[in-house]
Amino acid sequence: MALLRHLLPVLTVGSAVQSAVLVQDQFQTRCENFAGKIDLPNVKVNFASYIPGSTNLTLDNVPTCDQSQVVSSDICRVAMAVTTSNASEITLEAWFPRDYTGRFLSTGNGGLGGCIQYSDLDYASRLGFATVGANNGHNGTSGEPFYKAPEVLEDFVYRSVHTGIVVGKQLTKLFYDEGFDTSYYLGCSTGGRQGFKLAQDFPGEVDGIIAGAPAINFVGLLSWSAHFYPITGPVGSATYLSLDDWDLVHEEILRQCDGLDGAEDGIIEDPDLCHPNATTLLCSPGATSGSCLTATQVNTVHEVYAPLLSSNSTLIYPRMQPGGEQFAAPAMYNGQPFQYSKDWWRYVVYSDPTWNATKWTIRDAEAALRQNPYNIQTWNADLSPLRDSGSKLLTYHGLQDQLISSDDSKLYYHRLMKTMGVTSNQLDEFYRFFQISGMAHCQDGDGAYGIGNRAETEFSTEPEDNVLMAMVRWVEEGIAPETVRGAKFSDGVGSEVEYYRKHCRYPRRNVYKGPGDYTDETAWECV
């Protein structure tokens, strides 16, 4: 009898193991047989493969896209080509997790790419989402595939993500007997613009959109990116500032503006209050540069922080927010034309691969704005259809963003209120915007940028600390986020968290009230 009592736990454990193996085998078998079950218009399945967690995938990609990706959890990986016109197709992947939560999610892209965001596919599938991602209708990060190829360009503007969602939802229903309960979109930068395109042109296609650092006002953005080269000139010109010079400018901006939020912590909480005066850095007579700037360089700084206006003084794009100079200088003020802008005018605006980007003028911006193919501006300020659909949109923008000015997101917010005739509180019912102090472009930065918008910023999956899960709670429980809590890492994700800070819902801003020091999250208040 005693022997039997000892055997029972063993038998129970063995049965559990056998059951787990059986479930896993069923999932793997379902995956390996899945390709033969897919019969959708315009969809050609390349393969459906079971990928166990911890696998390091080698990706068949062009050199400018990801070459490998560690898969965090067991998935069924489905790769396919989807025809979008007689002259275009997208490469689409769906990652179906074994530990499925009944949620569907589409990822976005970045830059002018061209590249499936495999890290986002892994991040969302690890969290239990059936996840899709596409290559935006072309391969690589260059704009050259747009050259005399309007169908490829149309895929880039909107059709790739929309098609991926339509096909992805069908596949999810086919793969899982229970289908899906809720649907989401997650993207940043170009991915942010794609999220806004969904909101503007396909309201209700997903239940929740997380759209970070959005490249909306897209042609204005590329014009703004292009206009820095005429301001700074090439390396070595009188108007050019070295990286050391920009470090000097950054320290002076902090001296003038850091304390305006109540704490000197190297982070500017509200750039709207900061209007840098670079004349304080002007070299005295006889002084050598290195710890000061020439009058010509001072003028360069002031021009960099001015908005971009058309030839008739109409706003094209707002100013670069001050406070992120150490990130912006190597990317935007490096003495070379900005690559994405150069590609846009060469392969889209003028269809002339020999066009000289160093000759860019405001007239080129105006020509591009008149063109605006497929309304890539993504600047429609009436989101009434999105509101009426019941869908939610959460957007965020880093206040040290070096590639897309956070002022553009604020400009759009105010355009929404004016166009729709609503108050901030009314907008909050379906649209919330969070300024993330100390965050550069979509990730990294000097402050509490760990908000879970991607794997590279994740420290928690609690809704208070993770924008994706905050959206899930908003959609599924009706609890909208009041703040987004970010983590300041000592040395990137996975390192020690130095402090936390709650980022405010716009138009509120963070103010240090004390009594603790600036690392105490309770010492800050949204006002």
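Cβ atoms here come from the backbone N, Cα and C positions, even for glycine.
From a predicted model like this one, the values you see are computed outputs, not experimental measurements.
Annotated features in Swiss-Prot:
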ACT_SITE  SER189  active site, acyl-ester intermediate
ACT_SITE  ASP401  active site, charge relay system
ACT_SITE  HIS441  active site, charge relay system
BINDING   ASP258, ASP261, ALA263, ASP265, ILE267  Ca(2+) binding site
DISULFID  CYS31-CYS76  disulfide bond
DISULFID  CYS65-CYS115  disulfide bond
DISULFID  CYS188-CYS442  disulfide bond
DISULFID  CYS257-CYS274  disulfide bond
DISULFID  CYS283-CYS292  disulfide bond
DISULFID  CYS504-CYS526  disulfide bond
CARBOHYD  ASN56  N-linked glycosylation site
CARBOHYD  ASN86  N-linked glycosylation site
CARBOHYD  ASN139  N-linked glycosylation site
CARBOHYD  ASN277  N-linked glycosylation site
CARBOHYD  ASN312  N-linked glycosylation site
CARBOHYD  ASN356  N-linked glycosylation site
SIGNAL    1-19  signal peptide
Query = Cβ within 8 Å of the Ca(2+) site's Cβ centroid: which residues qualify beyond ASP258, ASP261, ALA263, ASP265, ILE267?
reply = GLY259, GLY262, GLU264, GLY266, ILE268, GLU269, TYR512, TYR518
Query = Of CYS31, ASN56, ASN277, CYS292, ASN356, CYS526, which recorded positions come within 10 Å of CYS442 (disulfide bond), going by C-alpha to C-alpha distance?
reply = none
Key: Of the recorded positions listed as SER189, ALA263, ASP265, ILE267, the one whose CA lies nearest the CA of ASN277 (N-linked glycosylation site)   = ILE267
Query = In the structure shown, with every protein chain counted, which of the recorded positions ASP258, ASP261, ASP265, ASP401 has the densest set of Cβ atoms within 10 angstroms of its Cβ?
reply = ASP401
Ask   = In the structure shown, with every protein chain counted, which of the disulfide-bonded residues CYS257, CYS504 has the densest set of Cβ atoms within 10 angstroms of its Cβ?
value = CYS504
Message = Using a 10 Å cut-off between Cα atoms, which of these recorded positions sit near ASP401 (active site, charge relay system): CYS65, ASP258, HIS441?
response = HIS441
Inquiry  = As a test of the contact definition, list every same-chain residue at least 6 positions from CYS31 (disulfide bond) whose Cβ is closer than 8 Å to its Cβ.
reply    = ALA48, SER49, TYR50, CYS76, PHE96
Three-class DSSP secondary structure - CYS188 (disulfide bond) = strand
Request  = To the nearest whole angstrom, state the Cα distance for the pair ILE267 (Ca(2+) binding site) and CYS257 (disulfide bond).
outcome  = 9
Ask   = Including all protein chains displayed, how many Cβ atoms other than that of CYS526 (disulfide bond) lie within 10 Å of its Cβ?
value = 14
Cβ neighbour count (within 10 Å, all chains shown) around CYS115 (disulfide bond) = 23
Query = According to DSSP, which kind of secondary structure is CYS504 (disulfide bond) found in, if we only use helix, strand and coil?
reply = strand
